[in-house]
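What follows is a set of notes on a single structure, which appears directly below.
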Protein chains: 2
Amino acid sequence: MKHNFGAGPGILPHEVLKQSAEAVLDLNGTGLSLLEISHRSPEFEAVLNEAVSLVKELLNVPEGYSVLFLQGGASLQFAMVPYNLLPQDKKAAYLETGVWANKAIKEAKFFGTPVVVATDKENNFKQIPKNYEVPSDAVYFHVTSNNTIYGTQLHEFPKSEVPMVCDMSSDIFSREINVADFGLIYAGAQKNMGPAGATLVIVKNDLLGKAERQIPSMLNYQMHIDNGSMYNTPPVFAIYVSMLTLRWIKAKGGVAAIAKANEAKAKLLYEEIDRNPLFKGVCVPEDRSVMNVCFVMEKPELEKPFLKFAEERGLVGIKGHRSAGGFRASIYNALPISSIQALVEVMQEFAEKNK
Amino acid sequence: MKHNFGAGPGILPHEVLKQSAEAVLDLNGTGLSLLEISHRSPEFEAVLNEAVSLVKELLNVPEGYSVLFLQGGASLQFAMVPYNLLPQDKKAAYLETGVWANKAIKEAKFFGTPVVVATDKENNFKQIPKNYEVPSDAVYFHVTSNNTIYGTQLHEFPKSEVPMVCDMSSDIFSREINVADFGLIYAGAQKNMGPAGATLVIVKNDLLGKAERQIPSMLNYQMHIDNGSMYNTPPVFAIYVSMLTLRWIKAKGGVAAIAKANEAKAKLLYEEIDRNPLFKGVCVPEDRSVMNVCFVMEKPELEKPFLKFAEERGLVGIKGHRSAGGFRASIYNALPISSIQALVEVMQEFAEKNK
């Protein structure tokens, strides 16, 4: 029995994996594999429609927004957002909360002027900056809701007068959000929504068409909206598995129920980190992520032995990101609380042996 | 038993589907699904390395070329090719052999000046233009090797003094090619190489860095080369299935053996089309595709009854593209000759009933 704490591509619900494997052999008794059906077939159109409907239902997406399934991950969105929204002579505000925010800023420079409103870079991104001004002439304000590498999270989204753009790659569907607070939300699927290879975009339609530039078709949100995410062959399998994962979230009681379970999981783990004398948390407590729990050891020389100890007990993926060090337990939606209990027990057992 | 003549996403080898389904449940006995392992894990790095090696081996890719697995399909390549290769004040030559070539031309206009050297548009692309001049000051010459919708194929690639760029989406790995004749080759996976969601690019390194413009990271071939197709999270599953499909091609005897089998399959079907008084081919015989066999009926009123007759006998996906009409049998690598025999028998049986 493995406990998968990997940061992403991360754990998916067991029943989703089982159903996905079945569909690879035979989709709904059609006699054909999911991998060899036409994306224009009624079978796949039903899958895509259900995926879009589930996104709208689970996040209460209001009228006036479009839901797209694209390719290229959040990294392609770093460029598509300014390509579509930022005129060359205008500026966009960015909150720099880690490497991913930083990459988004870098790509915006190809299209206009990104302005960093605040950063905690000098502290290696241990906290979310709080007091800053967003220039009122910025065309959008970009934030990263959860910082996978550093284990910080925006628990309250800033109030913004300019449209807010949010990279939610590592916490979408993990908690309730008010979509109307955002102009555009994007997320790579491979943490809470499905496998690598699909990207979710939720965009307010009236933000589009104002960038005053020609946009190549595949990079143009309006083109994808006009074609219902079928401008070209979509990533059929990744969308199918995402649809199954969204069904699973709904069956669990929706995002509110999932959020409650996630809070309980995070609480259990952070309490052990704070209680156990061998370990300590990395981030400022008020900004601690409910998705990625980063911690180090009081005695750094014990980190290698602890990693080995944990791996021998079936804990996978707890090594921290190379730029942050220590440990990171990613505790996405599909991770059961029993896996957190297993980690806590391993921490306690290791502490007992190393008193 | 279904016979899958779908144009793509198309048929994949049965053993590839079986192994893919197993990996979705448990990858190589790791206790983890292929969908929930890190793309930085040794397991996935081995998959990507093997996929790249198999491409190089099966196509005899010479030194000086890079092999990439990207996202976004051929449609994103329509933009990436000129973004990376075509300076704003220069021209590129395009051979217009169908809708896909046309879309490539449209995207090139965002980046420079595409020049159409020849077209057969007025004949609805029933043949491949042969006599044309490629301007010697074009920075590249773009061709589409096989035209899925119309059923034509370039059996001999033109000699070109400027670097040739080729969209091989629908016939890559179906026949031997000389990679050294091309500056850049690209192909969406979903016909002969794997499922939708991965795109193969083979690019001659010394063509890059000359477009005299800044290129966003995800659209920059050099960035993907520098990061070994791992600039961001790659489409893990689609690459894995592609790797298995490439293994299958190798086990079959490589591209030469596959090509021989494809020739035999196409011959069997075209002979029946030419022999059977109810049917006739659409394209000029010398340009007929070995991958997509397009045909119509002498009496158009029999087309609907024939389609029904064929579908009742387990033949899937033979309806022609909406812009071409009639029938199209896509007979990709993984389609066994027994499926062609089944189609020929259905054609004969139908002719017998409609004498």
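Cβ coordinates are placed from backbone N, Cα and C, and glycine is handled just like the others.
Automatic prediction, not curation, is the source of TrEMBL annotations.
Cβ environment of B:R40 (L-glutamate binding site): B:M230 lie under 8 Å away, each six or more residues apart in the same chain. Under the heading L-glutamate binding site, TrEMBL lists B:R40.
What TrEMBL lists as pyridoxal 5'-phosphate binding site is B:A74, B:S75, B:W100, B:T148, B:D167, B:Q190, B:N232, B:T233. All protein chains shown were included, and the count of other CB atoms within 10 Å of the CB of B:T148 (pyridoxal 5'-phosphate binding site) stands at 26. Secondary structure at B:T148 (pyridoxal 5'-phosphate binding site), taken from DSSP and collapsed to helix, strand or coil, is coil.
When averaged over the domain 'Aminotransferase class V' (B:4-343), pLDDT in the model lands at 97. TrEMBL lists B:4-343 with the feature domain 'Aminotransferase class V'.
Positions annotated as N6-(pyridoxal phosphate)lysine by TrEMBL: B:K191. Note on B:K191 (N6-(pyridoxal phosphate)lysine): other Cβ atoms within 10 Å of its Cβ, all shown chains, come to 31.
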Where the record says B:A74, B:S75, B:W100, B:T148, B:D167, B:Q190, B:N232, B:T233 bind pyridoxal 5'-phosphate, what is the longest distance in Å from one Cα to another among those residues?
31
Can you give me the Cα-Cα distance between B:A74 (pyridoxal 5'-phosphate binding site) and B:K191 (N6-(pyridoxal phosphate)lysine) in Å, rounded to a whole number?
12
DSSP three-state call for B:A74 (pyridoxal 5'-phosphate binding site): helix, strand or coil?
helix
Neighbourhood of B:S75 (pyridoxal 5'-phosphate binding site) by C-beta distance under 8 A, where only residues 6 or more apart in the same chain count:
B:K103
Hey, what's the Cβ neighbour count for B:W100 (pyridoxal 5'-phosphate binding site) at 10 Å?
22
Of B:R40, B:S75, B:T148, B:Q190, B:T233, listed here as binding-site residues, which sit with their C-beta under 8 angstroms from a C-beta of chain A?
B:S75, B:Q190, B:T233
Under 8 Å between C-beta atoms and at least six apart in sequence, can you list the same-chain neighbours of B:Q190 (pyridoxal 5'-phosphate binding site), or say none if there are none?
B:G8, B:P9, B:G10, B:G73, B:A196, B:G197
Which residues in the same chain, at least 6 apart in sequence, have a Cβ under 8 Å from the Cβ of B:D167 (pyridoxal 5'-phosphate binding site)?
B:A74, B:Q77, B:W100, B:A101, B:A104, B:H142, B:V143, B:T144, B:S145, B:Y186, B:A187
